[in-house]
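Features reported for this protein in Swiss-Prot:
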{"type": "BINDING", "residues": "70, 72, 238, 313", "note": "Fe(3+) binding site"}
{"type": "BINDING", "residues": "70, 72, 238, 313", "note": "Zn(2+) binding site"}
{"type": "BINDING", "residues": "79, 142, 175, 241, 318", "note": "4-imidazolone-5-propanoate binding site"}
{"type": "BINDING", "residues": "142, 315, 317", "note": "N-formimidoyl-L-glutamate binding site"}
């Protein structure tokens, strides 16, 4: 069998669903052709391969390219001052009601043109590349008007076309209310105009919403999701972050790819998510920055068999964190995830949360050849340490990226 590239003499953590745990293979090899994995497994069992290029990994660890399944990477302005305000005792809600929070970023983002949006996000993404991330989700939601939201999604698509990352674009029009419109008019714009136009233009892979008292209620989100499903788009949800508002159950009702945050999600809502196949995306960065006390019910997620992913939630206000490795470590320390759960949470389960479960997130024949090659003796070192990543090489679609 011919292949373009062959990585041999490696230790693999395949994260493949047909292998137990992290799917560890000692003395492993991976072969790719036309950007896809054609074989992965023990080198001793490798079929006869004729490789155009062979890379001796010298015993290094290879994992799937990491997947960050929840980010707000396109934005304007700076909200670092809100950190000091919260330290002084102001709440997230009070800052938002006084024109800070999402609306502050909205004003700054509306002032950017599409080129500036793309340039800012690409500069930030250098930190993700340095950590072996190959797939990233990018949301809109900081424009809250037609022109800016479309520009954000076009910028996200342009970043994906540039080839350094696989980008899943998500329309988050129902993030908060823009100040210049009333609720009925804005929801009508989102549901009747924006979602159909975005779907027709292929600008988004999914539609997200923020289901909280300070944003949108369950009935309003249901209308947004109905419009998304009618347009053929998947749905995701910011759910039960600040209070139990039935977000997890709502996500399950619409067969959402994921529900994210979930600090206040009920055990019943989590069980409904598991039955619906929705992934629970844990966002410990926001929990940390907001100094929350309520943790997601990880025990209920385990008991229900609900897959767990971990993401940065990178945004300029409540999770200004540019490290998926740190987020995974936080999920272990703050939320009690195991080492295995954390790794699956930033690989296979994160891909599932984007509807990309058959495409990336595991080293498995037929998937895209997205790899992270680590200069470590043990995978423990990748998540145990905070700071520069011990990354040797990052591969996207079979090519060094």
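Each position is counted from 1, following the chain as shown.
Here the Cβ of each residue, glycine as well, is placed from N, Cα and C on the backbone.
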Query raised in the report: What count of other C-beta atoms do you get within 10 angstroms of the C-beta of residue 70 (Fe(3+) binding site), across all chains shown?
Result: 32
Query raised in the report: Hey, what's the Cβ neighbour count for residue 72 (Fe(3+) binding site) at 10 Å?
Result: 26
Query - residue 79 (4-imidazolone-5-propanoate binding site) and residue 72 (Fe(3+) binding site), distance between Cα atoms, whole Å - result: 14
Query - In the chain carrying residue 317 (N-formimidoyl-L-glutamate binding site), residues 6 or more apart in sequence that have Cβ under 8 angstroms from it - result: 79, 82, 100, 101, 102, 104, 105
**Report entry** Farthest-apart CA atoms of 79, 142, 175, 241, 318, residues recorded for 4-imidazolone-5-propanoate, distance in Å
**Finding:** 20
**Report entry** Max CA-CA distance, Å, over listed N-formimidoyl-L-glutamate-binding residues 142, 315, 317
**Finding:** 12
**Report entry** residue 79 (4-imidazolone-5-propanoate binding site) CB neighbourhood, other CB atoms within 10 A
**Finding:** 20
Report summary line: Close in space but at least six residues away in sequence, with Cβ under 8 Å from that of residue 318 (4-imidazolone-5-propanoate binding site), the same-chain residues are 92, 286, 289, 290
Report summary line: Rounded Cα distance in angstrom between residue 315 (N-formimidoyl-L-glutamate binding site) and residue 70 (Fe(3+) binding site) is 10
Query raised in the report: Quick one, of the binding-site residues 175, 238, which Cβ has the fewest other Cβ within 10 Å?
Result: 175
**Report entry** C-beta crowding around residue 241 (4-imidazolone-5-propanoate binding site), within 10 angstroms
**Finding:** 27
Requested in this report: Between the Cα atoms of residue 241 (4-imidazolone-5-propanoate binding site) and residue 313 (Fe(3+) binding site), find the distance and write it as a whole number of Å.
Outcome: 13
